[in-house]
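**Q** One structure coming up, written as structure tokens, with questions to follow.
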Amino acid sequence: MSTLEDGFPADKLFAQGYSYTYDDVIFLPHFIDFSTDAVSLSTRLSRRVPLSIPCVSSPMDTVSESHMAAAMASLGGIGIVHYNCGIAAQASIIRQAKSLKHPIASDAGVKFPEYEITSLDAFGPSSFVFVEQTGTMTTPKLLGYVTKSQWKRMNYEQREMKIYDYMKSCDSSDYCVPWEIDFEKLEFVLEDKQKGFVVLERDGETVNVVTKDDIQRVKGYPKSGPGTVGPDGEWMVGAAIGTRESDKERLEHLVNVGVNAVVLDSSQGNSIYQLEMIKYVKKTYPELDVIGGNVVTMYQAQNLIQAGVDGLRVGMGSGSICTTQEVCAVGRGQATAVYKVCSIAAQSGIPVIADGGISNSGHIVKALVLGASTVMMGSFLAGSTEAPGGYEYTNGKRIKKYRGMGSLEAMTKGSDQRYLGDQTKLKIAQGVVGAVADKGSVLKLIPYTMHAVKQGFQDLGASSLQSAHGLLRSNILRLEARTGAAQVEGGVHGLVSYEKKSF
């Protein structure tokens, strides 16, 4: 052994019987002979779904719906639409995501007809509140709108009325433009119509609403790379399904609207139910990639690989809103889980999604270098403009709800299937409901994050994911476990106060 060797190879570090998280380990720097711009983050979600960046949005009902899926695809990643809703609703979300050629999530509020506007907070930073049947943009018809100036002129008695009683109608075709309109033409139409917003329609259904302010905001975002586009020329979108008999009907509807990959969504994927569903999907839809999980051991992974999965999802109890390890006493530290599962998956060429535990760009670097092909993000993307739900204000902070799919609130709505639950029996929570701060748009957040990831790869001497995996397997990349003091030293410390900005 050379006296110049530092640290440990990964196989030795992860064989010591400890369950490591991302913060527990640190990579040692290697040799740099290329620029940051030379780093390629291109990868695969599954066997036949290529991505330009290794980013996947989690199938959670407070993270991934149409705007998130379209935005992730436009950046070169992909979104996985949750299934905590009816079959028709999930299919509608996928259809809308594929129709969002311009993935612009408006800053304007969207309310249901019976809503009462009690303060200007309902408008957020926008001049509009739009009225839609369910209070979201996932159903096909916009009913009307209210402007901030209009509401300010109303007296107190009028403000107690339902929004439907005083909104302005959007029925006029003057507001509508085709969904496939070019961005430059869209900007011109907004200026020409002098109405402040336009409604994008496809086959008579509302796809999106875009305001002048939205256009100006998006123009200030970093330019994105090649998007994730499918053979049909539209954004590639993934979807989560369960393993029950009813999910076979759900899958049929999703295939009909063009879903590009399906994730079998289970907190413990090594089950007879998932093995049977994998075989059903591969037999019925052989051209559709199916991703199995969640798993954290090589044994679990091997079972799903032998059943025919095209990708694996790794993580159990590592998410910020997940309490599985606490409640059920099962799981694994995410760094250890990713390394172990990737070791067996690499032998079969199966891409691995590292799901959970991602709080910063450093965690993404660690997950990818340890063998993952992509990272799945929940809390990292929750609170963004594209995440479902409206903003609220708490102690002067702009926040959005974020809940675990194992929380009682989500399980009551239907996600108990993910935890192999039965709606007629007791429900045991494996997650919590919380809130996260406003993060702005993922169209800005992700490009800056990916640049930070590239810098991490450069420091490690890896110009691509494939290069990083090769350096790790050949024991050239070295790691060390971090003591508690080392973790403190590696963060901001010794200051009375500070302001931390990522970009």
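Any Cβ shown, glycine's included, is placed from N, Cα and C.
Annotations per Swiss-Prot:
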MOD_RES   Ser2  N-acetylserine
DOMAIN    167-225  domain 'CBS'
BINDING   Asp265, Ser266, Ser267, Gly315, Met316, Gly317  NAD(+) binding site
BINDING   Gly317, Gly319, Cys322, Glu489, Gly490, Gly491  K(+) binding site
BINDING   Ser320, Asp355, Gly356, Gly357, Gly378, Ser379, Tyr402, Arg403, Gly404, Met405, Gly406, Gln430  IMP binding site
ACT_SITE  Cys322  active site, thioimidate intermediate
ACT_SITE  Arg418  active site, proton acceptor
**Q** Which one of these binding-site residues has the most other Cβ atoms within 10 Å of its own Cβ: Gly319, Gly378?
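**A** Counting every other Cβ within 10 Å of each candidate, the maximum falls on Gly378.
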**Q** In DSSP terms, helix, strand or coil for Ser267 (NAD(+) binding site)?
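**A** The three-state answer is coil.
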**Q** How many Å separate the Cα atoms of Glu489 (K(+) binding site) and Gly378 (IMP binding site)?
**A** 27
**Q** Three-state secondary structure of Met316 (NAD(+) binding site) from DSSP?
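**A** In the DSSP reduction, Met316 (NAD(+) binding site) maps to coil.
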**Q** Select one residue from Asp265, Glu489: among these binding-site residues, choose the one with the most other Cβ atoms within 10 Å of its Cβ.
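**A** The largest 10 Å Cβ neighbour count belongs to Asp265.
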**Q** Compare the Cα of Met316 (NAD(+) binding site) against each of the binding-site residues Cys322, Gly378, Tyr402, Gly491 and report the nearest.
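**A** So, spelling it out, the nearest of the binding-site residues is Cys322.
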**Q** What does the structure give for the C-alpha distance between Gly378 (IMP binding site) and Gly490 (K(+) binding site)? Integer Å is fine.
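**A** Per the Cα atoms, Gly378 (IMP binding site) and Gly490 (K(+) binding site) stand 25 Å apart.
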**Q** Between Tyr402 (IMP binding site) and Ser266 (NAD(+) binding site), what C-alpha distance do you get in Å?
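**A** Cα of Tyr402 (IMP binding site) to Cα of Ser266 (NAD(+) binding site) measures 19 Å after rounding.
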**Q** Considering only the binding-site residues Asp265, Ser266, Gly356, which fall within 10 Å of Cys322 (K(+) binding site) when distances are taken between Cα atoms?
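**A** Close binding-site residues: Gly356.
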**Q** Suppose we draw a 10 Å sphere around the Cβ of Tyr402 (IMP binding site). How many other Cβ atoms does it contain, all chains included?
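**A** Tyr402 (IMP binding site): 23 neighbouring Cβ atoms within 10 Å.
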**Q** Check each residue in the chain of Gly490 (K(+) binding site) that is at least six apart in sequence and keep those whose C-beta is under 8 Å from its C-beta; list them in sequence order.
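**A** When sequence neighbours closer than 6 are ignored, Gly490 (K(+) binding site) has Ile26, Arg482 within Cβ distance under 8 Å.
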**Q** Looking at Cβ-Cβ distances, which residues of the chain lie under 8 angstroms from Gly315 (NAD(+) binding site) while being 6 or more apart from it?
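**A** Expected: Gly293, Asn294, Val296, Gln334, Ala337, Ala354, Asp355, Gly356, Gly357, Met376.
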